[in-house]
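This report refers to the structure that appears directly beneath it.
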Amino acid sequence: SDHMENICGYLMKYTNLVTGWQYRFFVLNNDAGLLEYFVNEQSRHLKPRGTLQLAGAVISPSDEDSHTFTVNAASGEQYKLRATDAKERQHWVSRLQICTQHHTEAIGKNNPPLKSRSFSLASQGSANSPSVQRRPSQNAVSFFNVGHHRLPSGKRVPIMQPDHLVDVREMMSQAEGQQRDLIRSIECLPASGHLTSLDQDLLMLKATSMATMNCLNDCFHILQLQHASQQKGSLPAGTTISWLEPKISLANHFKNGAAQNFPAEISKPASVREEQSTAEPCQLTREPEEINPDEELEDICDDKEDDLGAVEEQRSVILHLLSQLKLGMDLTRVVLPTFILEKRSLLEMYADFMSHPDLFVAITNGGTAEERMIRFVEYYLTSFHEGRKGAIAKKPYNPIIGETFHCSWRMPRSDVATDAATSSSAHSPSEQVTPPKDLEGQAEPDCYTVKFVAEQVSHHPPVSGFYAECVERKMCVNAHVWTKSKFLGMSIGVTMVGEGVLHLLEHGEEYTFSLPCAYARSILTVPWVELGGKVNINCAKTGYSASINFHTKPFYGGKLHRVTGEVKQNMTNTVVCRVQGEWNSVLEFTYSNGETKYVDLTKLSVTRKRVRPLEKQGPFESRRLWQHVTESLRDGDIDKATEHKRALEERQRNEERLRAETETPWCTKYFLKDGDGWVYHKPLWKTVSAAQTQQTDSN
């Protein structure tokens, strides 16, 4: 509160394309939580030309330059402002953010319970400007004809018996129907006018009704468990108690301004009923499945992702979401709108980082430790363009626990870069290890095969494990990643916590590495993605290391998607290679001998992965699991995609709740806990070690 000071001064305000920028005198009224502006300082005693309520607003510096910033009010109105320099902008932004946070928190603290609260449509601070007045005769209760049902005085509620659950379900169904009608009525309101869908009181009513129904559903679920335990004595292991109706999800209400259909259970598509009724994963076999690459076919699915572009038609959706978030808030449990999803799971995205398997396999062909480190850095930097699909601001599906993804790549041996120094030694009889019989015959003689498997090993926190190997070249990579997402105001940040290790068994080398952070920027205008942060790659045996910086765009100047790095020998502190460029465009490698190499990622050949057909996949393999969501997104049916997505997420929540209540631990299928990380159950370094021991014994 020491920083809650009233400030004033001239700023430039953007009006429209015709008028452009105009100087206006702005006043920050901290006591009232208002940002007002006047034509000039002399007219300050007159009525302000415009006023914004700062409670629930989002203040954000612009990516355009170091002077511009925006104030996005909860009403949907926006001021685009420009200060004289970066220092003045920072002064205004920080004071506005402090005032906004203060008054936003005050709303939650000062609002009385709903039963005694007046939902007057003439409440203070709801209008977009002083010229907008609302009719005091109307209020939210009378508009929606919402009444309160009270028990006669002195009458006590009888204790609920298990056989009354049917009556309770019927009453709850009626309440849910009324609540859906209420939500539909609010969202059908216009975005501007006397009564809008973003009205402060109506948003409060909408959120409270949703929270109430979710709470009632939780209570009803407890009654169901009690009833089941009384009927059966105890809950057998693996039992799944299905909810009669899914809880209300925020995703249901992400389409403002249009009426939605809320079909009854009987009218739901068969695919949704199948998703909701699929058995508890622990009932399925958790034995690892050996995938035969010969059953995999070259992927013909070409789901090109279009950029989100301008999100004007989804503006109310984004603003509604932002109104529920706080700076630094963990978004792990926040349900994001379906229209921002790309048509693949996060596990498949990790597989797409391997879309240049020829560069991956070529790492072990390096003739020296220095060259192998440089080749790994080259492969590492070229993986993000295809893995992230460029800078498209869409996110993959959040994998459900137990979800897996399998694929492989085949490439002619002639496509892999070799080295004269390794052509003889790498395959000499003294070093050659015969692969185990169960790994033989999986690839054509003139091809290398890289196999990939990923599994979602944890839900809270969300941790994925993935593993890839090339048996012929005796190399593999094992990694685990915990995705932590946070709300940063006008952007969303995703931190990839975890570590990967590349094993080159021919050389006895291990390379540890991490992943950069990702940011979705300008989420209220035209969203885009950039990578940021420092990444280190180390090889303890050789003493070589690499330091790579993914640079985020500064407030002024600078390029997008810039990356710089260097490879050095730690013992001598000698830099042997420098790299610069853009991770989604062109990279420039400069070597210690003065030579320069350019890699154009847009022209780099992509090897299509090989995936089993859907009919041969297990029920928890990514593409089969999410097939109905993907099909709906391809058809452009966002409502249907949301319905399928909600069914999968609801099933996961129910199963997680049941495991907690029955104290049943989750069993992973392919990855084992190893300290703070996860390791593939049958890594190549164990297989090769066993083969070497067997070969030694036979000799």
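Each Cβ is built from the backbone N, Cα and C atoms, and glycine gets one as well.
Per TrEMBL, the range carrying the annotation region 'Disordered' out of 280-302, 418-440 is 418-440. As stated in TrEMBL, the feature region 'Disordered' covers range 638-658 out of the listed 554-574, 638-658. As a summary of secondary structure, the region 'Disordered' (638-658) carries 21 helix, 0 strand, 0 coil according to DSSP. Averaged across the domain 'PH' (4-101), pLDDT in this predicted model comes to 87.
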